[in-house]
Amino acid sequence: MNVIITPHTLQGTVEAPSSKSIGHRDLICAALAEGESLVDNISLSQDIEATCDILRALGADITPVMSSHPGRAAYRVRGGLKKQDGPIAVSANESGSTLRFLIPVAIFSGNEVTFSGQGRLAKRPLTPYYELFDEKGVAYETTEGALPLTVSGTLQPGTYSLAGDVSSQFFTGLLMTLPLLDGDSVLRSTTPLESASYVDMTLDCLRQHGIVIEKEQDGFYRIPGNQHYRPGTYVVEGDYSQAAFWLSAGSLGRAICCTGLRSQSSQGDEVIVSLIRDMGGQVEGKTELTSSPSELAGRVIDVEDCPDLVPVLTVLASCAKGITRIIHAGRVRLKECDRLHAMATELNKIGGDIEEEAEGLIIHGVGGFTGGTVSGWNDHRIAMALAVASQRCSQPLRIEGAECVRKSYPEFWQDFQALGGMIQKEGEE
Ligand SMILES: O=C(O)C1=C[C@@H](OP(=O)(O)O)[C@@H](O)[C@H](O)C1
Ligand SMILES: C=C(OP(=O)(O)O)C(=O)O
């Protein structure tokens, strides 16, 4: 499906979907607990469904129940993974988190599990796991390091050392599984850990589910073994990575209030609030954040800890005065697409002035864009960032492959229209 957007400033109030990152974590922790949990206020998306499907295949009972939050999902989770009768085949679809979080969980379950994936996931790196499995003698099979991947064998307690500059998701997967082993473990990064805020989010979720891990410093964790996940009731908070699109839209057009967020969240992407303010934008409030139009100015932005903000920051920077440098963004090339290349290519097509560097972008402020046809690169965050850019286009903007928002935010186009966005759909599925 393509959307053709007639440029128009957005305005109004929108509720942020609930956090995809916390949703994955709460569901996995609940599935690892012996007993019944409730995970409420889930915003369904392809990624979250992939996590539920794999946890079910590993033996957890995950049943939809009535949510206390209208329009959202809630699941009753009866945890406890089971050894199934034969080998299991599962798909992580396009979700890097699902795949990397659940590979160690699958090994722990004692099953032989074959993971497949769609889109770019089949080629996104898994090398840190392969190196560990080679070192520890954990059996796995893959063709040229790509999916499908079959894992079997067992995990033993011990010292796990892996690179911290590929994805923090490997650390999260191991931190969720190692506490269940029958001895203590140490997990350490052999390089400075990037996306460290996501590992802190993991530690926070684990604590809420009864698991204790000692963090000596970013990238060094002591993990007591023989622990048990505690069942309970968990309500997922709003998603700052998604709110970032609306808060950015507010500073480029007319005031937008984004609700449902928790202030002082464990989500590193809460930093969008201070990043917009540092560029000269106005964002007021705590759990209901209102972003108002302002003149923005370019600056240096280090995204080591907030990689998912890059697409929308590129739009903000293009509309700001002066030059913005986005630095420490090398890993952003390893997401659903090469996001540095995609944003430079698409915005330059419509009048942007962006130079790519190996690990970042140099963005010259151009104030606005012409309009024309751009591609969403089958990447939800590229499509959503381009939709925000449409507000500053002088002609209609046609976004190809706009359905890719379903990976994390299936209601994105509805919310865009509810805020006054004017879209026409082509070739709706
Ligand atoms: O742990 C998580 O929930 C995530 C970690 C980040 O990945 P990297 O650690 O690969 O940067 C982020 O980009 C991804 O969208 C979600
Ligand atoms: C990169 C993302 O997710 P994942 O790594 O889980 O596919 C994302 O949501 O932007």
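The backbone N, Cα and C atoms fix where each Cβ goes, glycine too.
Note: TrEMBL annotation is automatic and uncurated.
The structure displayed is predicted, hence computed values, not measured ones.
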Residue from R56, R72, R76, R381 that TrEMBL also lists as binding phosphoenolpyruvate with K20, G96, R124, Q169, R339, K407: R381
Recorded positions close to ligand 2 - of R25, R124, S195, D308, K335, R381, only those whose C-beta is under 6 Å away: D308, K335, R381
Candidate nearest Q169 (phosphoenolpyruvate binding site) in space, where candidates are the recorded positions S195, D308, K335 and distance is Cα-Cα: S195
Candidates S168, S195, D308, namely the recorded positions, that fall within 10 Å of R124 (phosphoenolpyruvate binding site) by Cα distance: none
Minimum Cα separation from R381 (phosphoenolpyruvate binding site), reported as the residue among recorded positions R25, S195, D308, K335 that achieves it: D308
Whole-number Å value for how far D308 (active site, proton acceptor) lies from S195 (3-phosphoshikimate binding site) (Cα to Cα): 10
Residues near D308 (active site, proton acceptor) in space but at least six apart in sequence (CB under 8 A): S241, A244, D269, K335, R381
Local backbone state of R381 (phosphoenolpyruvate binding site), from DSSP in three classes: helix
